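What follows is a short report on a single structure.
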């Protein structure tokens, strides 16, 4: 092959490569934009729509996003709603439940949110709430932050895009629990919204180690039931005190998954569980109502069981056992105060009315009514007074009319005559 033939072959190859590249570029441009995975830089939003609000106001105007929240204070539900701006909450798992929880807390005006997740937004997530199709390809924590700063720019949002179950990341997670608050101290609450037991055990271990109160949540694989649980180390059962079968059997969850098979998911169930979790969070942070220790949800029967689970003295988590001993010592050292008051016999007060109706005790003897007509209301009187019928205790107390007395005497005479006739017949029979 001559040199000219080689050059011609190379030129032909280059030409075909250029044509192939042109075809690929054409097909790329024809692909719907929703299927493209946008880069993080493409999805960065513009600046927040308003300036930060320094102090909450109850003024009812269209431009005040806090007026309806502050109404809780005016109605006596919450004593000081503004203290929510001093609270820091960590949300572990920003998926179907966690993303809605983060949004609700942001709308409620929480001071700071710390988000933990390592997953990315996918088109398959669109059957759930919060995320948008144009956020596909972004990390969930970044997409959540980009959305939440527009919902409420007053909330400080910190994100961590990693898996907390690895050793190094677990240490960072514990560090943020210890020093992640607005004042660089311990945070107020941890919310677990993860979808696997390994991550739940990691959160449980960290919170037991730091003596951190947290709340756990979950939705069943068939998407028609869920639960939330309040966990206070030492006082209530931790996640390891009553472990599910998968954890108790030391089964690796990853071995249970099958290719092409996924769990069911309904935005309705996730929204209900997220609502319960945030409501319990608000009651705990703002100190109103009753914080539920466990609330279940069965969508098929609209059943909401509530339970209170005590800690397991034989829990496998050593930090849980330590917290149990600390709690028992705390309870035993507190003085027992008995607030016993003698019952007072208070008279029953009945509401006055315009009809002269009075409620009296059943043992009270009614006074005889006067001959004068009773005034029922101003200008209204009875046409006549009802007669009182005497009580009939026995036949001796009966007062008979003259005709009744004659009839009674006549009946007694007949009875005596019949008795006498019967006596005479018996005597005659004896003689015979």
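Cβ coordinates come from backbone N, Cα and C, glycine included.
So that you can see what the record holds, here are the features copied from Swiss-Prot:
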ACT_SITE  262  active site, glycyl thioester intermediate
BINDING   96, 117, 140, 163, 196  ATP binding site
BINDING   238, 241, 315, 320  Zn(2+) binding site
COMPBIAS  29-44  compositional bias 'Polar residues'
COMPBIAS  386-406  compositional bias 'Polar residues'
REGION    25-47  region 'Disordered'
REGION    363-406  region 'Disordered'
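In this structure the alpha carbons, written CA, of residue 196 (ATP binding site) and residue 315 (Zn(2+) binding site) are 20 Å apart.
A separation of roughly 20 Å, to the nearest angstrom, links the Cα atoms of residue 140 (ATP binding site) and the residue listed as 'active site, glycyl thioester intermediate'. If you take the C-beta of residue 241 (Zn(2+) binding site) and look for same-chain residues 6 or more apart in sequence within under 8 angstroms, you find 309, 311, 312, 315, 317, 320. The two recorded residues, residue 262 (active site, glycyl thioester intermediate) and residue 238 (Zn(2+) binding site), have Cα atoms 28 Å apart. Fewest other C-beta atoms within 10 Å: among the recorded positions 238, 262, 315, 320, that description fits 262.
Here the C-alpha separation of residue 238 (Zn(2+) binding site) and residue 117 (ATP binding site) works out to 22 Å. Residue 196 (ATP binding site) is surrounded by 14 other CB atoms, counting those within 10 A of its CB over all protein chains shown.
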